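Here the structure is laid out as structure tokens; the discussion comes afterwards.
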Amino acid sequence: MRARTSLSSQACARRVLQRRRRCIRRLTGRHDAIADDDDARTGRRRDALALGDVVEIKVVGTAAVNGATVTGAIADFVTNASFHADGIKVRLECGAIGRVSRRADAPAAARASDENSVEVEDEVEEEEEEDESSAESIERVASSSGTSGTGRAVRTAHVSGVSKSADASTAKSLADGLKGVKRVRLPTRAGAHMGYMFIECDDADALRGVVEALNGVEFEGKRLNVEPAKEDPRPKEKKKTTATASKQKPQKSKKTRSELEAENKERRILEARAQMEADALLELERAKRRRERELERKEREIQSQRELEMERERRAKAVLERRAAASKARAERARAQTEAREARDAAAAALGDIRLDASWRARVDELRASLDRLRVDADAHVE
């Protein structure tokens, strides 16, 4: 009887889980469709627009008209982007350029989207009511069974308070010798265990024995807390190998012509930008070299000017030194001449006044008469 009750509970739980998964899939798919419809309605997707469609745009451009709205037919697409959060940029037949804010049939699409969302919400509410009723039936079946020994959760004990400084083998050895212990699992992270472990037992009696034996026991300075786990640990899923993962990768769809053209245009722009950057760097290097050469030339000119000024100063100093020496020599000669003249004068003064002998009187008179005659002859010659 207990086995049949457990099987019926598990089957009911599986049905509830499957129904909930189907509801989530439908809800997710419809929400994706609603999001796509919303993008198409607001003009954020390029593939939802075509030439000639009547749309409302927010004008971009000068400050005077920036943010204004204009309605008209699409004459051309200004951007190659397949999606833009603010709307695809287009040019209308009237010449205005801006980003699409909504399509002309946006109200109808919005109403349809609202109706779809209402239907989805109704279905979700119905599924939730069914899940609640199924869960209540499961609880009633489980309570009527009168035992909890048939579930898998009651066969696993959760041990907390395990000292992280203890070795993993030492922590696992706590379950050695206990009756009915099937396996001890000590979760680890970054090479160290996380301070708790799970002890899987054969049945509920073995679980009770483990709880009674280990609960409150002191281990490495901490008391262990042992209680039944909420559920049995699930088996680890096998990791997919690289080959399997590569096989399951979805095949990439071929790119459209517009996407290829957009990629080529973007690549050309990037190449042109790289070339411009290289040219700019080369020009900067050339300018740097020119500046260095100009600085070197100016330094050489300054050095030559300094040397020329030093040579001029040296020559002027030499001339001044020669002039000073000549002036000093002249002063010495003048002083020597003055001293010699003073010496002669002193010697003459020491000799006294000149006195002529009386015998020289007649001679002096003759000389005076001769001078007078010469003066008279000179005056007559001049006349």
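Glycine is treated like the rest: Cβ placed from N, Cα and C.
Residues annotated as compositional bias 'Acidic residues' in TrEMBL: 116-134.
Taken from TrEMBL, the feature compositional bias 'Polar residues' covers 162-172. In the compositional bias 'Polar residues' (162-172), the DSSP tally of helix, strand and coil residues is 5 helix, 0 strand, 6 coil.
Taken from TrEMBL, the feature compositional bias 'Basic and acidic residues' applies to 225-235 (among others).
What TrEMBL records for 256-266 (among others) is compositional bias 'Basic and acidic residues'.
Per TrEMBL, domain 'RRM' is recorded for 155-231. Residue counts for the domain 'RRM' (155-231) under DSSP, helix first, then strand, then coil, are 20 helix, 28 strand, 29 coil.
TrEMBL lists 104-172 (among others) with the feature region 'Disordered'.
Look at TrEMBL and you will find 225-266 (among others) tagged as region 'Disordered'.
According to TrEMBL, the feature region 'Disordered' maps to 292-313 (among others).
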Residues of the compositional bias 'Basic and acidic residues' (256-266) by DSSP state, where helix covers H, G and I: 10 helix, 0 strand, 1 coil
From the DSSP assignment alone, can you count helix, strand and coil residues within the region 'Disordered' (292-313)? 22 helix, 0 strand, 0 coil
